[in-house]
Amino acid sequence: MDPTGANITSFAPEGETAFDLWIEKSFLDGYALAAVGYGVLLALTWQTMHSFFSLPQKSRPWGLVGYAAMIFALATIGFGSATKINERSFVQDRNAPGGPSGFEVISFASPVNMMGVVAYVMLSWIADGLVLWRFWLVWGSNYVYTIFPAMMLLGSVATSLALIVTSFQVENSFWAARSVQFGTAYWSLSISLNILLTLLIAGRILVIRRRIKRSLGAQHAQKYFSAAAMIIESASLYAVVGLIFIVTYARSSSVQNLVFPALGQVQGIAPMLILSRVAQGRAWSQSTIQATTALSINGANGASTTNIALGSLASRQGAGLDSFKGVHMVTDKHTDSDSLPYTARV
């Protein structure tokens, strides 16, 4: 017997091709990626809850605390469901027709699996809703701008419900043509919504960042206008992973088995990152928007005046708040604006 295991004889199952084995590997590896995602979400949830409960009780945003708890609960249900299905596929029912991959298909409409599917679908609803809320905030709390994105969100909810109904039917299942049509429509709407909002949020932040940098300098723009802030605030992580999945799902590629399990966890990670920034006082708020967009130009007497209420850009540092008062800047309009000296009265 070789103690190193270098010369172990292959015990590949009889009657299965290399492609069959690849399908089974993709299901198992996809679950492993989902486990990594769940671990990340668990750590983020702990960090977010710790930050929320470190705030004074009177100022604690219980609505957002409940939102974070709901995200984690739904992601846990989805991951628990996937864990049980994988146990049955590779251990208890590995002799099912078609092997583990065959059982994955057979068991899709089972109550245990559908519980996870429904949990992930509901998670996508509240995750998309959170990104829509961030868009509403970043764009000045204007409800007119949210009409079209809200219609896209309602469309994704409707098509996801249709997907759930058809997936419960044995004659259709998740991979049948009818289910694929509803599934493609659902994820296309959800992912398109996230891509649209990602571009609009990032674009808005870039515009405001440019104004702040020209007025106060780059050091004042780092906290709210960094690349990390734009990526997190816009939930672009879900948009990228979702786009990969929708392409592989619509083309019936087996790569979808690697992406689909992790997609559910990414749906939770993206909004939890936003909530974590909110809990730590580093996210955009309504007062932040009002402050950063209060750049008024007064051309009277040959000078331009910019008023920026920096008090609302306070950040939470440990147990205290580092806040700034308003800054009144006066610049000569005849000088290059990028190199203007200014006087600040605090």
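Including glycine, each Cβ sits where the backbone N, Cα and C put it.
Summarising the annotation, TrEMBL assigns transmembrane segment to 30-49 (among others). For the transmembrane segment (30-49), same-chain residues at least 6 beyond its ends with a Cβ under 8 Å from one of its own Cβ atoms are 65, 68-69, 71-72, 75-76, 79, 82-83, 86, 257-262, 264-266, 268-269, 272-273, 275-276, 279.
Annotation source TrEMBL lists transmembrane segment at 61-82 (among others).
As annotated by TrEMBL, transmembrane segment applies to 117-136 (among others). Remote same-chain residues near the transmembrane segment (117-136) are listed as 67, 70-71, 74-75, 77-78, 81, 142-143, 145-146, 149-150, 153, 156-157, 160, 163-164, 167, 174, 190, 193-194, 197, 200-201, 233-235, 238, 263-264, 267-268, 270-271, 274-275, 284 (criterion: CB distance under 8 Å, separation of at least six residues from the stretch ends).
Taken from TrEMBL, the feature transmembrane segment applies to 143-165 (among others).
Summarising the annotation, TrEMBL assigns transmembrane segment to 185-207 (among others).
The transmembrane segment annotation in TrEMBL covers 228-250 (among others).
Listed as Cβ neighbours of the transmembrane segment (61-82) (distance under 8 Å, sequence separation of 6 or more from its ends, same chain) are residues 31, 34-35, 38, 41-42, 45, 48-49, 52-53, 55, 112-113, 115-117, 119-120, 122-123, 126-127, 130, 261, 264-265, 267-268, 271-272, 275, 278-279.
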